[in-house]
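Taken verbatim from TrEMBL:
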{"type": "COMPBIAS", "residues": "29-39", "note": "compositional bias 'Basic and acidic residues'"}
{"type": "DOMAIN", "residues": "83-265", "note": "domain 'Aminoacyl-tRNA synthetase class Ia'"}
{"type": "DOMAIN", "residues": "281-334", "note": "domain 'Leucyl-tRNA synthetase editing'"}
{"type": "DOMAIN", "residues": "441-598", "note": "domain 'Aminoacyl-tRNA synthetase class Ia'"}
{"type": "DOMAIN", "residues": "632-675", "note": "domain 'Aminoacyl-tRNA synthetase class Ia'"}
{"type": "DOMAIN", "residues": "730-827", "note": "domain 'Methionyl/Valyl/Leucyl/Isoleucyl-tRNA synthetase anticodon-binding'"}
{"type": "REGION", "residues": "1-47", "note": "region 'Disordered'"}
Amino acid sequence: MHVRVGPVAAGHRIKGRRRGTLLSSARSAETDDVSRNAGKDGCAQSSTSKTKVWEKDLTIEKRKEIEKHWIPLIKEEDRLQSLQEDCSKEKYYVLSMFPYPSGKLHMGHVRVYTISDVMARFQRLQGRYVIHPMGWDAFGLPAENAAIERGERPDEWTYKNIKNMKEQLEQLGCSFDWNREFATCDPAYYRWTQHIFLKMFEAGLVYQKEGEVNWDPVDMTVLADEQIDEHGRSWRSGAIVEKQYLKQWYIKTTAKAQSLYDGLHEVNAELWKDIISLQQDWIGKCDGTQLKFALEGQENMVFEPLHIYTPTPEAVYGVAYIAVSPDHRLNQQHLYKKILSVAAVHPFTGERIPIVVSKSTQFDYHNNVMLGIPSISEASRCLADSLNLKYLEILGKRADGDECIVNSHDLNGLTRSEAFEAVLHIALEKGVGGEHVSKRGRDWLISRQRYWGTPIPIIHCNTCQAVPVPFDQLPVELPPISGLTGHGPSPLSQQHDWVNVTCPRCGGEAKREIDTMDTFVDSSWYFLRYLDPHNTSAPYKRDTVDKYMPVDLYIGGKEHATMHLYFARFFCHFLHDVGLLGRREPFDSLLTQGMVLGKSFRVKETGKYLKADQVDFTGTKPVEKDTKNPLVEEWEKMSKSKHNGVDPEDVLKEFGVDATRLCILSAVSPQSDRKWSNDAFVGILRWQVRIWKLVGSYINSFTSASHTKCSDAELQEWEENLFEARNLVVSRATIQFSKKFLLNTAISHMQDFTSTLGKVPGHVAMESQQYQRCLADLCIMLAPICPSLMCELWTALASISHSKLSQKYVWEKSVLHQTWPTIDDEWKRPLVLQINNIKSGVIPLPRQVFDSLTLNIAHELVRHDPKYQKL
């Protein structure tokens, strides 16, 4: 990237208030100072004394003093910057999964939002227009249950938590664009969730049917399979989940299964990595289709149609029967190999198809109903013959001997693959299925029998059946309810003034739908609303969204790599297909951060978890303090019940914001689990002190009355060494920040770089241009991670006499408004030669040659290398 630098203001100085300190002690007019000190160029003033006496030690108190001074100034800088959209710059959309507003940050939040903020600040230093929004995934069962426990209304409890968590995120130094903020429980947001839902309803992708569901008897709502643990208990209440049949709302995600499977080829495979295989496994190979068979039984009996997966739709005219497992709902008497009184209707011919209860049929894990096609299955033929069922042979031979379809109406004469596609086309036209799906394909059940969620915008009329609420009557708002109990029927069913309405189609008496939507519906498109959050006439303006999509970097937990990611992708595929979005895949690069683990202590015999103060650590192994019982010591996900959680407020109070941000990113990669221990702060605090002393020594050298003169030879040697070290660390750090996102590795490189700078003699440092570049670039590269300390150090460096300052930087601006350092054109990068995977030589190349390198040029360079010729 070409670096453009501005002129340095003549005689520029940063003046201070108090001798011997870098910080102002006057805080009485802090609010006014924020806007006044920020300035139009984003450069805040510190209180560096005129004599520039540097305080020797960077104590905890000094860190807190620095952060108290800088955090509000940086917050104001970030606010002003977020208001300045610059279309001339390349965009970069960095998004972190928005949180559920529980009221208090945990260490997992600290990790993900620190990563997000660091990437946003880095991209700004790269000269890009960065979109870095934040909002709140505010609906859902946890908020409702918490409000019930406290005797509050869910909305009051939720908004109180949002206020608390927003303050904590700001204290953490996160540069979120709060101008884009919203909560999913705001009618101004869920109006458009309902709007998109009705668009799907219009497209035939929303339907209601009675189906078997997982019922939580404590929380009184349905659960997805993924919300049940391996012991059959609800992930929220812990209750044993029951099976029930309820009429529910579904979104037909199977209709986009093939599209979603294929779309995984469009994402950044290097960063999605195993998430691609997780998504592929979730969707399944789309090698078949589902066909809908209506049911006929005794008079006045109503049955839901059967949706049956088949990998061989080309043989549909050869169906002799439909087999259901003994535990299928249609089998009331648990019979085997018996034909039920209810029959299916062939979707193409209208003929009645017998339904057989079969114990011998090999049903798979995902399906308990199967088409019996004797002409292509020996097992089906045996069962049909044993029950004297008639069937057609649908496979025959052409004159040339090739296999083809016979006895199948318009399919006759087609190959099996040709007939496969033809049947899918016919089924789609008839509305009886036909999409490419896998055997594990299931539609998305979105109904929830609770209050705190987006109302489903459907009105039920005895005459008109399910009628969508007109678009101009959205949003359908939740009625305010006090005194929720969490027991009994759906709370909305008791709100008679809200429930009872007139049908918008016929004007007759009707009732609103009383189920609310699964919160995953709200979180499946929020990243689009961020881009146009104040639009009152549409969910978003397509031109605006197309300009900034896709999300360049999406950061969130791996636990959301299936359901949430799948549903969000489905929404975008749908919106793309109906012309409301220019691109179907929403996320380019994906960074799934690991969990933050805490050390837990569990009594070996009983499994009881203990608090740290209940543990005796005096022996070789920890034991229970009172009983001396042996303990199991483990690293586990932080949890109140396991007493292994850490309150971020306590950490920030003890070590400061910058040190916490550095610590949470160091040592392990963002993708790995982090074993949290305050012991990790020891090395981080020492490193910060070393940087502080480097800058302090450098500044103090300019106030010294005399210093040792540096010889030309010594200076030249150090200039060459520092030139190499600076380019190497810039190269390595840039790759980690921009490509691999291994921030821990970047930090490690900068720590090594700091050690190198610490070896430079003071008299050399004062005369070395490269040393000043090294200090300045170290501050810039660390600014995204620890902005307060780097703002202070940068302002101190900028106070040096103008004649001594490098012209490569805009010193009158904040370190957060500099340009990320780049590699010098003349720096030679290594082209490594390997023979049989063994390093055999290195050819150093100037940057401009290296950056334009092709394989042919590389081969030509190697052929002329003497070592290669010798080998």
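Including glycine, each Cβ sits where the backbone N, Cα and C put it.
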For the domain 'Aminoacyl-tRNA synthetase class Ia' (83-265): best-contacting stretch of 281-334, 441-598, 632-675, 730-827, by Cβ pairs under 8 Å: 441-598
Same-chain residues near the domain 'Aminoacyl-tRNA synthetase class Ia' (632-675), Cβ under 8 Å, at least 6 residues beyond its ends: 60, 63-64, 67, 71, 104-111, 114-115, 118, 168, 171-173, 591-604, 609-612, 621-622, 681, 683-685, 687-688, 741-745, 747-748, 785-789
Helix, strand and coil counts within the domain 'Methionyl/Valyl/Leucyl/Isoleucyl-tRNA synthetase anticodon-binding' (730-827) (DSSP): 64 helix, 0 strand, 34 coil
Stretch-averaged pLDDT - the domain 'Aminoacyl-tRNA synthetase class Ia' (441-598): 94
The domain 'Aminoacyl-tRNA synthetase class Ia' (632-675), counted residue by residue under DSSP: helix, strand, coil: 17 helix, 8 strand, 19 coil
